[in-house]
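S.K.: The structure's right below; bear with me while I get my questions together.
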Amino acid sequence: MAAEQAAGIKPGKQIGKIGKPSNAAVGLRKKSKGARRRDLAFYLMLLPGVLILVINNYLPMIGVVIPFEDYRYNVNAGFFKSLFTSRFVGFQNFQFLFKSVDCITATVNTVAYNLVFIALDLIVPIALAICMSEMWNQKKANTYQTMMFLPYFISWSAVSYVAYAFLCNAGFIDKTVLPLLGMQNIDFYTKPGYWPAIIIFFHLWHYTGYNLIIYIAAISGISNEYYEAAALDGATKWQQIRYVTLPMLKTTAIILSLLAVGRIFNGDFDLFYNVPRNIPQIYSTTSIIDTFVYNELINLGDIGMSAAAGLYQATVGCVIVFLCNFVVRKADPDSALF
Amino acid sequence: MVNAINKKHLNVLAKSKNFEFNKVTARSNFTINLIFVLICILFLAPLILVVMVSFSSKESLDTYGYQFWPAAFDLKAYQYIFKYSYDLIHSYWNSIIVTSIGSITATSIIALYAYPLSRSNFQHRNGFAFFAFFTTIFGGGLVPWVFVYAQLLKINNSLLILIIPYLVNAWWIIIMRTFMKQSVPEDLVEAARIDGAGEFRIFFSVALPLCKAGLATIFLFCLVKFWNDYYLSLIFINDHHLYTIQYYLYSMLDNINYVLTSPNVPAEARRNLPSEGARMALAVIAVGPVVFSYPFFRKFFVKGIIVGAVKG
């Protein structure tokens, strides 16, 4: 009954919107039979996806109670029974978590690296995209872009090898570059000081080609007339970039950066796990919340601590996304995510 | 003679009017090209080094380390891994199975989910879009996620676990929906409906043939994602026989002496083991299919990324 009422209201709304009352009226009359069959077909199409989303994303959300208890899995009782019969311990796991130096290090690293990534992912691809758009030979530009996009497709376990080939004791840097410069060998995998630079390099190496595509598409969407008008008025190339290109890229840049700000609490597990190869000596500069959660669970088996860190990350991350969206909605409602 | 010079002069003028108006100077153009050549070298060098090391002889690696131009080339690393590594072939096979089944299933599920969302006369489309989108905002975290698969469904240590978690992806659904909105005109759907076609008939006979490019894009996204994945294996797989190529690769670097201790490697092979080169050869073999097919699928990825970015 309620559904039919809702269905009745919807075409009514469309009358005002589209301005085709006759069509909507036809839809209204047919709704009861044809529309219900159609909706059933739609629900059937959605079913497999909904099922996977429930298993993969919504069922684990019940698990937010795990950090508040001393979770013990009882094989005979099964998952749900274990979940609801484990001893409740309140905020004990969180107390341990926030006292642990490792967690604080991981949090600081996650946010600091992400801030650097946000800035670099803004500056580097935009600068490169502008350069590319000004090249005489656009075929060449396309070739460069193709080459720069390739690292995006190298699997992370292979990237680990790539880093290793440069940084290990027999690697290119220790055996070829440093002797040329007359310097001593560096044991990269035990010296945390070098890792921020290495991590940032591999981040740019992997993602620049991807971001470049977005900005090149945005630039090629700018009408040539703006540039011609500016040039006729005597604007130099720099002035054209400053007063035409950059303002036109603003929306894209803001949206991409906001998405990144919303994920500031989510580290790039693939990068931070594979490139430093999860070596404990260099955790001080390579540990992020994601690798911390993983190590606590898989390597140390501390379910409470790992679950607490995971929930802490998810909650703060979610709050930041909503905050971001709230701010955008205030400033520019069209750019808001939801 | 004079005529010819005049003509040439005119040509240059005409060219500058038509083609070189408002272009950067030749010097700037040269500088930009130079910068990009250097960047491309910087970007490709790491990959070239890995390939070169895989072709280096063991002696040259021991003496000079990893070099872009090794002192002596040989193919021992490849001969070795193809001769002795039963594990390699098995893990390659696992990767092929997971990638093909996973990509086909995932593309189907995503297309089925995206189609109702693209239809303006489906009144709950925003609700279902949010149902998918919400998963990118909040999640239960690693621990409950692992427990749902390992303790509730109990499918860890099976090939299923390498497929199911990646079957749905909110971003890809949004991209697919945009593709469908762009390439399936509402009028055509309406016409098919008036001709008596049911929704499934419309989906298969009208919508799908019209958005082949979208399907290809999502399918290629899936192929690369499944082929390159090591993460699910890292968390859920202990059984040797279920290793995928990427996880096999990971485990080789993770444990330097892996080959030396693996029961599948005969003692005779262990003695003359070109281990450093063999590992790099493994990396080449693992990323080879993606790199070689890259020129063919690049344009689909570019299209998909642009569609995704436009939607935000």
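All positions are counted from 1 along the displayed chain.
Backbone N, Cα and C atoms are what each Cβ position is placed from, and that goes for glycine too.
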S.K.: According to TrEMBL, which of these ranges is transmembrane segment: B:92-115, B:236-259?
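M.R.: Of B:92-115, B:236-259, TrEMBL gives transmembrane segment for B:92-115.
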S.K.: Ranking B:92-115, B:127-147, B:200-227, B:280-297 by Cβ pairs under 8 Å to the transmembrane segment (B:30-55), which is first?
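M.R.: Selected stretch: B:280-297, with the most Cβ pairs under 8 Å.
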S.K.: For the transmembrane segment (B:127-147), give me same-chain residues lying six or more residues beyond its boundaries with a C-beta closer than 8 angstroms to one of its C-beta atoms, as numbers and ranges.
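M.R.: Beyond its ends, the transmembrane segment (B:127-147) has Cβ neighbours at 113, 116-117, 168, 170-171, 173-174, 177, 235-236.
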S.K.: When you scan the chain for residues with a C-beta under 8 Å from the transmembrane segment (B:159-179), skipping those not six or more beyond its ends, what do you find?
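M.R.: Apart from its flanks, the transmembrane segment (B:159-179) reaches 94, 97-98, 101-102, 105-106, 109-111, 113-114, 117-118, 129, 132-133, 135-136, 149, 211, 213-215, 217-218, 221-222, 225-226, 229, 232-233, 236-237, 242, 244, 304, 307-308, 310-311.
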S.K.: The transmembrane segment (B:200-227): which same-chain residues, six or more beyond its ends, come within Cβ distance under 8 Å?
M.R.: 95, 98-99, 102-104, 106-107, 110-112, 115, 162-163, 166, 172, 175-176, 179-180, 183-184, 188-189, 192-193, 246, 289-290, 297, 300-301, 303-304, 307
